[in-house]
Amino acid sequence: MSDEKDIYDLTIIGGGPVGLFAAFYAGIRKAKTKIIDSLPQLGGQLTMLYPEKYIYDIPGFPAIKAGELIANLEKQMQPFQHDVCLEEEVTHLAQEADGLLRLDTTKGTHYSKTVIFAIGNGAFQPRRLAIENVEAFEGESIHYYVTDMKKFAGKKVAIAGGGDSAIDWALMLENVAEEVSIIHRRPQFRGHEHSVEQLEKSSVSIRTPYIISDILKENETFTGIQLTETKGDQTLDLPLDDLIINYGFTSSLTHLKEWGLDVSRNAINVHSDMSTNIPGVYAVGDICSYEGKVKLIATGFGEAPTAVNNALHYLRPDARRQPVHSTSLFENGVPK
């Protein structure tokens, strides 16, 4: 068994918005807490994929950028100085004979008395553009993540994809880039009706139904793409400075079953106290499932304190499940 100094009361797997709020709440409860995340920075998909997008269903915020929400959550958590392990993926979860939970990762081994999964839809990878030699331009002119819209200022940009995210990026870049095109392989988009209506009224050039069939280049420099009709032979050369691929993301959750967790429909089944079938292990946010579950960030914010309180009650049966209100725990914004 690891030395006592290496054992945490609570380890949160996942540093997205719900994981960050769980960490804040664990700080209020004075739990020795660690966050482990596979990404290079906290925030999950909100940071990696949509930092410039507005979120409209966070209580108290008529609209807030995803990146700003994450910055606020990090600031809220900061006073507790939790340990954070980034670019570290959990590869195995096991319960030791004494009940201690062992987490093997790509960088080492961690020990914790309780664990909360807050991994959203799991560790994710973008669906890449399936064209030969595309890797030569990825990260330069071909992008799967957009973290700063300003770099597209005055440029000719195309977004490939037919869902809400692709439409959102096209509309947001409309007032930034010189020209914006959106490419979809079907005649109709899969986005919400209101978003599609906004797109049709915008100056964004709609290229449907087309697929990207080739990359155009000159002296090994990206100059655009060739489009081919989905059902036909007509081709179209589209000069571009940048191409954003929004074909969605793949994630694998098969390892959760291998670890013994009760999983169905790509989610961990939990009880009303957010506990799983493994003692001391809890799940919150989009990764957890129960009857009537609604997948919203706001829902996860409610689940996080429930999981933390019950995890600490599991750890210390004399601990209160219903703690005192936060207003009595802070003075001038600083924990007492």
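Cβ atoms here come from the backbone N, Cα and C positions, even for glycine.
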Matching residue for the FAD site, where Swiss-Prot names Gln45, Tyr50, Val90, Phe124, Asp286, Thr327 - out of Asp37, Asp57, Asp83, Asp98: Asp37
The one of Tyr50, Phe124 whose CB sees the fewest other CB atoms within 10 Å, among these binding-site residues: Phe124
Among Asp37, Gln45, Tyr50, Val90, Phe124, Asp286, Thr327, the record's FAD binders - longest CA distance, Å: 37
CB contacts for Gln45 (FAD binding site) [other CB atoms within 10 A, all chains]: 19
DSSP three-state assignment (helix, strand or coil) for Asp37 (FAD binding site): coil
